């Protein structure tokens with residue numbers, strides 16, 4: 001960082017299991033109302049796996065396929081040229097299928113999956129402004145500078161009380 005640069009502030013949003021479940025059920029209700037039944041679901045790995053399982057249960061959809069696109073390296077989230085490492089073979093061109101992800105961020109992964117499955121419906125729980133054009137449905141918009149922490153990314157941690165008793 002040079003003298004003229006200021007540190008970039010990163011904001012965090014923590015999604016709990018309860019919130020994730022509520023949002024997934026809300027998304028399922030919207031999808032059932034607007035699209036009726038789907039032949040199958042394509043989960044974008046890894047973040048779309050758990051939302052896809054919840055949506056599959058709520059919508060009575062048992063055929064769940066996956067697609068794996070690698071575009072980030074490491075937990076620091078360094079973006080690289082995206083590469084499909086596992087295509088969604090069972091989904092054909094996507095007709096009758098629902099693509100599911102936890103979050104659409106920059107839209108890089110979503111764009112690639114949409115190219116693979118042009119006839120599919122794309123839905124995610126959370127969308128950032130840059131990624132919104134790539135999804136048909138989402139539950140909550142998140143600011144572009146926010147890092148979303150999902151339940152599978154975090155662990156419960158004991159935090160000691162602020163006040164200790166005198167006997168300790």
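Each residue, glycine too, has its Cβ placed from N, Cα and C.
Among the features that Swiss-Prot reports, 5-phospho-alpha-D-ribose 1-diphosphate binding site is placed at 46, 47, 101, 102, 103, 104, 105, 106, 107, 108, 109. Residues annotated as Mg(2+) binding site in Swiss-Prot, with sequence analysis given as evidence: 102. Annotated GMP binding site per Swiss-Prot: 105, 106, 107, 108, 109, 147, 148, in sequence order. Sequence annotations record features per position, and here Swiss-Prot assigns xanthine binding site to 105, 148 based on sequence analysis. According to Swiss-Prot, the feature guanine binding site maps to 105.
On the structure: features taken from Swiss-Prot.
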residue : record                                              : DSSP (3 states)
46      : 5-phospho-alpha-D-ribose 1-diphosphate binding site : coil
101     : 5-phospho-alpha-D-ribose 1-diphosphate binding site : strand
106     : GMP binding site                                    : coil
147     : GMP binding site                                    : strand
Message: Distance check, please: Cα of residue 102 (Mg(2+) binding site) against Cα of residue 46 (5-phospho-alpha-D-ribose 1-diphosphate binding site), rounded to an integer number of angstrom.
response: 9
- prompt: When the number of other CB atoms within 10 A of each residue's CB is tallied over all shown chains, which of the binding-site residues 46, 147, 148 has the maximum?
  reply: 148
- prompt: Whose Cβ, among the binding-site residues 101, 102, 105, has more other Cβ atoms within 10 Å than any of the rest?
  reply: 101
Statement: residue 109 (5-phospho-alpha-D-ribose 1-diphosphate binding site) has its Cβ surrounded, within 10 angstroms, by a count of other Cβ atoms equal to 25
- request: Look at the binding-site residues 103, 108 and tell me which residue has the greatest number of other C-beta atoms within 10 angstroms of its C-beta.
  value: 103
- prompt: Taking 46, 47, 101, 102, 103, 104, 105, 106, 107, 108, 109 as the record's 5-phospho-alpha-D-ribose 1-diphosphate-binding set, what's the max Cα pairwise distance in Å, rounded to a whole number?
  reply: 16
Task: Mind checking which of 106, 107 has the fewest other CB atoms within 10 A of its CB? They're the binding-site residues.
output: 106
Distance, residue 105 (5-phospho-alpha-D-ribose 1-diphosphate binding site) to residue 147 (GMP binding site) (CA atoms, angstrom): 10
Task: Taking Cα atoms as reference points, rank the binding-site residues 46, 101, 105, 109 by distance from residue 148 (GMP binding site) and give the first.
output: 105
Task: Can you grab the distance from residue 101 (5-phospho-alpha-D-ribose 1-diphosphate binding site) over to residue 108 (GMP binding site)? Cα atoms, rounded to a whole Å.
output: 13
